[in-house]
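Trainee: The structure that follows is given in the form of structure tokens.
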């Protein structure tokens, strides 16, 4: 397919652009395969350069011959274009609509983008599992790197290499995979050097209604316990949801079969509940005319900060079990690709000083989100302005970034990166010239040959000129565990991101 | 001391207000004539001034002892468990007596002794000089003059002696107008904007009822209008909600009828009265004192308390005022009912938006002295310094400080002072440690001989200035800058550091502020080192060559390069 077919009118003169914080500009609007560009005629400088994939929704309005297109972006910006001529306006609108909703991933911009910068370090190779394991290997003798998933046949959403207990062989892992949702058998997420305790993550056990058990599964997780010690299983779902899951073949670990483990249920919401929360929040942030009472009640009704509190509370609980109780933990929800990853990654932010550095945080995103199979393609397909109500669209990653921001606010000197770094990651997760966040897991990324065909976000970010924008000047390495306050009085709305328009 | 039966109780537990695991510290509780003191096992001291105590409550006996809950006016809440009920009861009774004094003379300020001599004390009181301040604004001038009408407090007891009025307003007009205004508080100058030649004036409501008029009052308003050559009309801002103002007419009070006053533009701005504000704060404190508070309960409580709505109303009124002056060069007359609560809020905030001087440490003290203390904001009644009518207590001044805090959040470079300064002032409006806020008006303060018997707060704050400096302040960029805050609802936030000042667990764990302060200090020190070393090299350069000299030179050079490289 040629993009030209979709572009009925490639160029319109005398278009007026309105957007927040800037005066209106008149200029020439151009459509290309991947961008919407507006340049003012005076000095030929671009005023706007917008990726089609950043467009979440568009509205059209007509007053006489003047058409107006309102573009709502995934990064929450709202842009207005006044276009003279009804036909041009309709053409532009339908082109934008088509170009911003392309089905095929291989037509996306990362496959066409050619970097204008010199690549110093190829980001695709910056955080290889082997290197990450190497960092640990001197201290963790009870763990090994397994390639049981080399062909993605045991677990389609896991990477080829995972860290598992040494005592468990690959055959046992294959058996455990059949007992866990999506084949996601328990793997190592974090090793706490201070006391040798670990965080593992997995999918839910497939116990079903008749209480199926799997000896290998029990053996696997028990292998992480010290003699006489108990561990904790944190199920991110409330007990009743976990019980309901049994009817669909899922379930939770029965006390009888896991006597050395204490199970704790939390309630982190998922899917469309989060998406609706974001939609409500952004909607009320965009309404500048509402009075105080309405604003507060809408902020409350959005539940956004409630989600933040619940996720942070669960992460603190996990970190506490590990650091204070000296116990190992297994974390899962249903699939183990959303709330599970929020908790495992935030617990590491709390516990592990390295994850608060730029490099360490990138490694964390790579390990706990990309390699761990968070389905970015599905979750970030639409943002706050979508109406589709698809179950799989959900701001899980944005909530994680917001939680990191909350901790950053409370420990402003303990992070090497600043708020801009988090915002940059949010923007690239939703629309990017880089291939990093394409696809839903390692297996899909391999099939798409992203390493060969696209550029990694890290190749761009990790150049000194870019890094300087994301560095926190107040950073002083803090080797302690940092415990955030999760009281409502301590949590704040992240205006720079959520209320993009009002700042 | 006759109220104190038990001076020391051991094995008292201090509970953490928000801890879910009922964490507590064990220590000894001491009762002194002025303070309640708790010293825990780590020798950490918690001092609570008796005057800060808003309420003491003895709860039902538990197995571990008798709980005693103390709520303070600075929003500290402490929860003790006293092992023996008898001791608890003694302390409870003593605190009830000690926290509510019947006479001014029993307040802490009259016994507080910072070891200064009379001359030092007097100099302290002279630090803020309002006559100087009016001169700084540019009055008296050809349009405004100092009136001696109230020199003996004959016209208005709650006004200061020295008042500025339009030059063309004769004494009979002033006297006539004062008889037509509630409590005799006739229109006078609060702030003069020199370049716009426009004035902020203040007064109380007119005694207009449904139809009464007063020619002198009409003349006085016209005189204010004429004192501004740049503009032919003036605004009259009634800071009350329209309904309240209308209801006042039945009592023979009310608001200005536009038909009777030439060239006025009348405006209601809808700030609620002291009773609404008191119960709003009460609700807010109930909500945020809840243990294990959920996000939804917090926000629905914040909403139903109405607190931020009231803060926004005050801010909106001040912005309206500042705009009238800055954009239209129009003079503005502000009043509410008596002209000492809402009027003080709006006049002082409006001036703060207009004049960068009030955003400095000293300027802010001047502003409080002028619009709050001298114009008779009833500090003793509003803060409940004495055992009096609880219906007179209201957080009007706290709201003013909170509005200023919101401005410091929106304009981080515009203020010379930081949040700690606001909190410290708030601490002292209730502490009664200094004389500034004792009494309800200047006349009362003079009768109490506060300047002879007590100390002024301001010199002590200035001595500690370093603690209150905002490291981000940029005085240059602030020259003649009018602040135009954005009052979209979403910009108003809960002031955690005020209402949870003492709940350390809710605070950020690291302070950017301290780090920037330290960096500034280091920079200054390094710059000083460079200068010192440069002067040494300059001196040694004149001397004949020698070994000592060459060492110094290299030292100086290497140090001089250090700051540029970091």
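Glycine too: its Cβ is placed from the backbone N, Cα and C atoms.
Small disclaimer: the values here were computed from a predicted structure and weren't measured.
So TrEMBL lists the following for this protein:
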DOMAIN    B:124-499  domain 'Myotubularin phosphatase'
BINDING   B:273, B:274, B:336, B:337, B:338, B:339, B:340, B:341, B:342  substrate binding site
ACT_SITE  B:336  active site, phosphocysteine intermediate
REGION    B:538-566  region 'Disordered'
COMPBIAS  B:548-566  compositional bias 'Polar residues'
Trainee: Indicate the candidate from B:338, B:340, B:342 with the smallest number of other Cβ atoms within 10 Å of its Cβ, considering only these binding-site residues.
Mentor: B:338
Trainee: Would you count the other C-beta atoms found within 10 angstroms of the C-beta of residue B:336 (substrate binding site) for me?
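Mentor: Other Cβ atoms found within 10 Å: 28.
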Trainee: Could you name the residues, excluding B:273, B:274, B:336, B:337, B:338, B:339, B:340, B:341, B:342, of the same chain that surround the substrate site, i.e. Cβ within 8 Å of the Cβ centre of those residues, in sequence order?
Mentor: B:204, B:239, B:240, B:343
Trainee: Within its own chain, what residues at least 6 apart in sequence put their Cβ under 8 Å from the Cβ of residue B:273 (substrate binding site), listed in sequence order?
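Mentor: Residues satisfying the criterion: B:240, B:244, B:337, B:341, B:342.
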Trainee: Given the model, what does the mean pLDDT over the domain 'Myotubularin phosphatase' (B:124-499) come out as?
Mentor: 95
Trainee: Record lists B:273, B:274, B:336, B:337, B:338, B:339, B:340, B:341, B:342 as binding substrate; longest Cα-Cα distance in Å?
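Mentor: So the binding residues stretch over 12 Å, Cα to Cα.
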